[in-house]
């Protein structure tokens, strides 16, 4: 049976069996704090790391009151609670979950007792990280481990260990330590001629050729464009994480509703989901879409799209918020560099009409960024100085590594979160450690406490992970693996995961949709890191009882796991303007901003009558108050890993969730809540 955290946040303090310290000079009892089951796909152990090399050890301290976090969240998110809608401010969140002085003192004392001078031990301002620069020899002695240099097939090198030990009494005070077992989620080599500056990674060994996805063009004869490259965690780079899938060129533009099975337009979506609404108080409301550089929209693409489908907002631009040097780069053009952002903004803006849309553009052209880099910017208590970052996964800013990178101050609490935030990117859950995902998942719960709705695409490969990878018997990823591979953050119970549907070929826009089975398959399944939350227990157990999946428990997590997606929206045949041409586009990358736009309109209606934003919606949408608020999807599946995957069925299912939005019904219900 696949491993699962009994509860994600409790895992931050979980302990394992006591083992003697095999390397350190003392015989203090230690426990394994984190252990990697397998070397990730594409990597191999190259050599032992130099004992005199320095690595920046960072100790993430456990936060206070995490055992109460879910209860706090449900108090403001459950429609039967007397505190429904009474969201917290950022100061209350930061104060409630700050690590205790005891935790800080214990970790600092351990380091001092282990021989580190006081001057070398640094505690971050919010007392959430302890940092010390250590030699490899010192780190190995401290953590009872051995550090190796691992080499990727691209030539990129990374420093990591297989497992590490800490004193048993500190397991309730330390979340995780970096660098240790964590690997960059996906790796691509930089372009030729790009020289990294100082970094703790081993001497770079990048291959001297162009990355296989480097098919972008440089417009207008621009000869000063910076090298386009990826260092491994860049979510915006083609081939990294989740991204939309192109179909063919759109030759005919249909403005009627007779061809929605062939071409999805804003009017098709309005007809599908009953979206007849004009924002009343857009100045009070906010809708954010997250993109990762070098993914970038082109204003000319937005203009062409709006001219065709939403002429009332032609020439409108999103409000760009730069995070860690993020900008809408125009040096390179291709579907893989412009398709995601063009898609998200064209439909997110068209469906919300005159509502201002905030574009959170994250990361520079060199280091790129991860979800944590974005979270740092919208919640200062979480940022790299005070929060959940891991330098082996999250980009460290200022960019001290690449010439020409962003050298300004790190974006730490620099912008407020929008009421609704849509992200069309995802990792495979297995690529990240359980403690890392648990800490980030807790941050999504805190955003829910503050009244923020967080949406993520569920994936495009059915029960497989990004790129069709499945988990193999060794615990790694491969195309020949047979174990289902859930995505993250969809597996986190504190985000709303969005799957994909389609209008069946030949069907009318008024006919029931099916699960998407054109080009992509709606991501869905069961997390291997998180337990099933209370709000979805009845719905999921009903599905498993009435429609039991025909797969043995070694292929999917049958142990009370968080199930996803939660909702769905159409994800097939979108007409999108990309690089001055209309292309048919597929993916849950389309579904998430559509649901985000609909929820933004719900917020507008509530704000117009003096109520607050809807915040974390999952306890509400699974409640009895919302029965009939969604269009139930009962046909189609999400094949993957050599299987037909799961099947859609009446009620909730692990293909399309609760179904697609029925805007009028949703609006009435949310307006009745306080």
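Cβ atoms are placed via backbone N, Cα and C, with glycine included.
Summarising the annotation, TrEMBL assigns active site, charge relay system to 340, 344, 589. The Ca(2+) binding site annotation in TrEMBL covers 632, 633, 651, 653. The domain 'Peptidase S53' annotation in TrEMBL covers 263-673. Taken from TrEMBL, the feature signal peptide covers 1-20.
Features per TrEMBL, on structure.
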residue : record                           : Cβ within 10 Å
340     : active site, charge relay system : 30
344     : active site, charge relay system : 29
589     : active site, charge relay system : 29
632     : Ca(2+) binding site              : 18
633     : Ca(2+) binding site              : 26
651     : Ca(2+) binding site              : 17
653     : Ca(2+) binding site              : 31
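Residue 633 (Ca(2+) binding site) and residue 344 (active site, charge relay system) are 24 Å apart (CA-CA, integer value). Cα of residue 653 (Ca(2+) binding site) to Cα of residue 589 (active site, charge relay system): a distance of 20 Å. Taking the C-alpha atom of residue 340 (active site, charge relay system) as reference, the shortest distance to any of the recorded positions 589, 633, 651 belongs to 589. Across the domain 'Peptidase S53' (263-673), the prediction's mean pLDDT works out to 94. Each residue contributes its Cα atom, and for residue 633 (Ca(2+) binding site) and residue 589 (active site, charge relay system) these two points are 19 Å apart. Within 8 Å of the centroid of the Cβ atoms of 632, 633, 651, 653, where the record puts Ca(2+), the same chain has further Cβ atoms from 634, 648, 649, 650, 652, 656, 657, 658, 659.
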